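Engineer: Just lifted these from TrEMBL, have a look:
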| type | residues | note |
| --- | --- | --- |
| BINDING | Cys420, Cys424, Cys447, His453, His456, Cys459, Cys479, His482 | Zn(2+) binding site |
| DOMAIN | 415-492 | domain 'Recombination activating protein 2 PHD' |
Amino acid sequence: MSLQMVSTVSNSSLLQPGFSLLNFDGHDFFFGQKGWPKRSCPTGVFLLDIKQNELKMKPATFSKDSCYLPPLRYPALCTLRSDARADEYQYIIHGGKTPNNELSDKIYFMSLVSKTSKKITFQCIEKDLGGDVPEARYGHTINVVHSRGKSMSVLFGGRTYTPLAQRTTEKWNSVVDCLPSVFLIDFEFGCCTSYILPELQDGLSFHVSIARDDTIYILGGHSLQNNTRSPNLYKLKIDLPLGSPAVSCTILPGGISVSSAIVTQISDTEFVLVGGYHSDNQKRLACNTIVLEDSKIEIAESVSPEWTPDIKHCRMWFGCDMGKGSVLLGIPGANKQITPDANYFYILRCKGAEEDKEEELITQICSQTSSEDPGDSAPFEDSEEFCFSAEANSFDADDADTYNEDDEEDESETGYWITCCASCNIDINTWVPFYSTELNKPAMILCSSGAGHWVHAQCMDLSETILLRLSEANVKYFCNKHVDLNKGLQTPQKVVRLKKPPMKPLRKKKTMKLSTPTKKSFLRRLFE
């Protein structure tokens, strides 16, 4: 094993706890950034490229028929192939945390559509499930098993928020272990079935799962209920006959009490287990070799690399599998670096130098047709503070397309992330789509008052129906602040007066005049 330090990069603040690594065509892609994506990379997916020990990030795009994929931290992901030996594959992404710390229960399929020297395009599709749908969670695993010519996905473990009925003000956002149920997911028919096995008594999260054919091995993991790291090694066997599936579990000896360990595949049957924690404040510096052959698993301790003093004395570390027997490790920079979120990065190569050269040669010869999968393993972090992944292979692209966070435009004052009014609550770090037409930026509408200015449709309390009508109709719109002013400045419409015929003058009634003697006689008769 060899350990090599990677120089710190300016945009490392995006590499925060819980992001994931997707491997396509021999290259790693970063997913699950801190905060909501910005305009320079609205997908939140980047190619990670290391050249001369310098990490660069290059934005990727989504196809037009893709659904919205939020940046998810601590999701469960694995590769899905049409059969066990197929070259083409796509990634399954389930669960995880959004930048608002909300948990997702959705399942996405992500595949590579096209890749050129200057543009990488992915397709993302959301899948609907029926039956025993898994609840929203994070820190769990998902694997694909193959049996009798069929394939199914197996989901297990994780954490979720305390049910609403059990929450208190002091512990409103507290998390609990998910029930130790095993979920079988058939994506062909869109159905899901849960199984309760007597061997699985406690919920686990941030464990390691390795799948081979019809068997899944679950190693380590942390239980919140007991605050322990399981020393058990579980063997899940899934049989897929013509009828109902059969799921069985066996507890094997030789497990390791560890959480947040990282697994990298160095051959068809051999894996290396690196890192993790014995306890909340004790790192695990030992390494192990895992060999899977003939439905058997063998775990043996291997020679550990010469850890640097910084790694030995730091309280925590983090990392992720890069594929091809390499692991990228990181330790927090603390106060040693100017950037508050900066970290120190190391590449741990678990293969020998001769094997690396041979693999590089093979990769160069078969680069047009070969693609290597890092193995159907799913490492996770149980520490809520750090998680990391990166790519050690070069990608021949123009350096002008490299993402640099320092070049990011200040979107708090310009573009879509302005403060459009006094009651505006649109924030780039907390915004989520409100209208069905929104993808990665809020809908805006032009106010025609004066020289004109843009306002957020959501801040103006516009319904989606009215917003669509305004976008289709050629009419002027005035925001809530200027709508009354606009009414006052409008010239009143000229009122057309109706012509009325002149009224005829009233005739005076003739009155009978009485002389004074006549009046007296009349009054005398009246009172007699």
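Just so you know, glycine gets a Cβ as well, placed from its N, Cα and C.
Curation plays no part in TrEMBL annotations; they are all automatic predictions.
Help me understand the surroundings of these features in the structure.
Structural biologist: Non-local neighbourhood of His456 (Zn(2+) binding site): Cys420, Cys424, Ile426, Pro442, Ala443, Met444, each in the same chain, at least six residues away, with C-beta under 8 Å from its C-beta.
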Engineer: Based on Cβ atoms within 10 Å, give me the single least packed residue among the binding-site residues Cys420, Cys424, Cys479.
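Structural biologist: Comparing Cβ neighbour counts within 10 Å for the binding-site residues Cys420, Cys424, Cys479 gives Cys424.
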Engineer: Report the mean pLDDT of the predicted model across the domain 'Recombination activating protein 2 PHD' (415-492), rounded to a whole number.
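Structural biologist: Value for the domain 'Recombination activating protein 2 PHD' (415-492), mean pLDDT as a whole number: 78.
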Engineer: Using DSSP, how many residues of the domain 'Recombination activating protein 2 PHD' (415-492) fall into helix, strand and coil, respectively?
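Structural biologist: The counts are 19 helix, 8 strand, 51 coil.
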Engineer: Who sits close to Cys447 (Zn(2+) binding site): which same-chain residues at least 6 apart have their Cβ under 8 Å from its Cβ?
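Structural biologist: Long-range Cβ contacts: His453, Trp454, Val455, Tyr477, Phe478, Cys479, His482.
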